[in-house]
Amino acid sequence: MSSENEQSAEPGAGAPEPGAGAPEQLALIRETVRRAKVPRAKPRTWRGAPLAEELPVARVLVNKGVLHLDQYFDYAVPEELDADAQPGVRVRVRFGAGRHNVQGGRREGGGLIDGFIIERRAESDYQGTLAALAYVVSPEPVLGPELLALSRAVADRYAGSLADVLQLAVPPRNGRAESKPSPEPLPPPPPPEPGTWERYGQGPAFLRALAEGGAPRAVWTALPGPHWPAEIARAVAATLSSGRGALVVVPDGRVAGRIDAALTEVLGAGRHALLTADSGPEKRYRQWLAVRRGSVRAVVGTRAAMFAPVRDLGLVAVWDDGDSSHSDTNAPFPHVREVLELRAAQGRCAFLLGGTSCTVEAAQLVESGWALPLLADREQLRRAAPLIRTVGDGELARDGAARSARLPSLAWQTVRDGLRSGPVLVQVPRRGYAPRLACERCRTPARCRHCAGPLEAPDQQDLNCAWCGQAERAWHCAECGSNRLRAQIVGARRTAEELGRAFPAVPVRTSGRDHILDAVPAAPALVVSTPGAEPVAEGGYAAALLLDGWAMLGRPDLRAGEEALRRWTAAGALVRGQDEGGTVVIVAEPTLRAVQALVRWDPPGFARRELADRAELRFPPVSRMASVTGPAEALASFLAAAALPPEAEILGPVPVASAEPGRPRRPSDAPPGESWERVLIRVVPGRGAALAGALKTAQAARTAKGAKGGGEQVRIRIDPPDIG
């Protein structure tokens, strides 16, 4: 902006104001202020400032996640910003000024918003006047061509906006971390020895292929025991030895810590970065910058690390892809497994999907030939896996100990025997003391008098509502009038209390959502844990009890059996092998498919049978599916406007459960107190891109018309993890 336009008119600037004692001093102050208001060019509009001589146009992605703005916008590059305004840097621009708000040859107004420069151009396709870049936030290029291409592919696959994906892919800036240089990269390490990979038929060949620069793709069913972190580290080391980079994504910080320690042991310090939320914003951004700058070529991290900008990527690996943590809860809800599949295809790099269990999606990768199975033979499996014993409904009915204490005699005997040689793990599906209660006389569920939510007992004395949190001090049954309660479901704390009374000389430790233990010593102890919170025992657990299997298998979910088996194998993998006396007792009906798969320790076989069943019913992953949720009227309007593929099949609508008050809201839940509906849209394989494109186009048209908030919004999710 020119200095003439910046000067403010001040009538009577030289006249003393009433009460002014020194006109000369006042005039001097005003002159100083006037001069201060005459910058050569106002930093955020740059009106009158010269433009860059070469490539004066910057194509910018603005940080607006709405779909109808999922495009690039051109901005003029002032000469002073020419050197810093390079592709990939963060900038701030004015957005929303309108084409008629032009002053002095520059477009003015609008609000400041963040963005990324995508490219510099000599000319713009836009025929009107361009606004100028406001300023460059940092000259550090954080959005490279490979990350941009990946983010665009993810946005298209999940019917989302590129800006939303970049919110997940590029961490927030930290100036202090950015100002520090990254260390010099270390030379590639030598190829590792196969080590425990020799237990798998094709394990050594897989490592050799990585070390020679190949791109094998494998679905790896890891043997139970403590060796899998070192096996992942050896796969990373083999990739680094070929001069390429490696990326490993895991469900949580505890698993990341185990692989971090294994990588340090195999590679030494300084060769890999740990990207987890526990690191804190400065350290995490410093590590991320070291990866982007090429100082570090190996990364292990949690979900957000799936976008880590590793140079010369040679291997992408995901551990335990069935864990719900791998599915992002922010739009457009990408899944780590699918993103890493895209990276493997785009970058022509190796792919490793590992876990002690096997998802149906992993089985499909093998069946389609996209990946090969990486398995151990039955002899190795029998040596590594614990002995599995079952207690079904018939045994429970005949067992007096089970009727009185919820634990069958076999479980008591297993605990006693296990405590002679080490710790014993007890997995309980529900946390708390008594998460669900009922009338002792008539078995009517106990409910809150305020909101009709279920009552729970956090300890022996108190009663609280699980929804509204109100304390209940004088409950009585609305059906029969009794004031006595019984536990419908027993939680981890109640189980720990019962076991503590039964084994008073043995310490009892609990691990759950409120307090998760990372590890326990080898000394005899009872460790009561909820699924997913099991600590690692030094030397392995002597035995394990898997209680209340019905609670995990009885969920109304397509994945109930798969998820139960995944939880059971994760716990069983922490137990010593049969050769060392390790035993697992599961309290569940032994004829069920998931229980039989656990007894045989055959997760891949279970996944293949589940895949065959879903193929008959045309359920994912055999078909591609999307869910659309929202108020009934908005949902009907959206479906009427969407140009779906001709073969698309619409299932529903059906009512959607509202989020329980006081509980975290899942992406599939309706807002508290609102009535939403959901439809599932199914297409045949190969038509997923067409379905995503149609839904994205319809949503973009809807948002462009101003349909937002409250009862007008609809939510799209491609490949929903739970479809009932």
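Backbone N, Cα and C define each Cβ position, glycine as well.
Listed in TrEMBL:
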type	residues	note
BINDING	C448, C451, C465, C468	Zn(2+) 2 binding site
COMPBIAS	9-24	compositional bias 'Low complexity'
COMPBIAS	182-194	compositional bias 'Pro residues'
COMPBIAS	714-724	compositional bias 'Basic and acidic residues'
DOMAIN	60-171	domain 'Primosomal protein N' 3' DNA-binding'
REGION	1-26	region 'Disordered'
REGION	170-198	region 'Disordered'
REGION	654-676	region 'Disordered'
REGION	702-724	region 'Disordered'
**OP:** By DSSP assignment, list the helix, strand and coil residue numbers for the domain 'Primosomal protein N' 3' DNA-binding' (60-171), in that order.
**Re:** 27 helix, 36 strand, 49 coil
Subject >> DSSP-derived class (H/G/I helix, E/B strand, else coil) of C448 (Zn(2+) 2 binding site) >> reply: coil
Original post:
Looking only at Cβ atoms, how many others are within 10 Å of the one on C465 (Zn(2+) 2 binding site)?
Top reply: 22
Original post:
If you run through the compositional bias 'Basic and acidic residues' (714-724) with DSSP, how many residues end up as helix, strand and coil?
Top reply: 0 helix, 4 strand, 7 coil
Original post:
Taking the Cβ of C448 (Zn(2+) 2 binding site) as centre, how many other Cβ atoms lie within 10 Å?
Top reply: 21
Original post:
Counting by DSSP, what is the helix, strand and coil composition of the compositional bias 'Pro residues' (182-194)?
Top reply: 0 helix, 0 strand, 13 coil
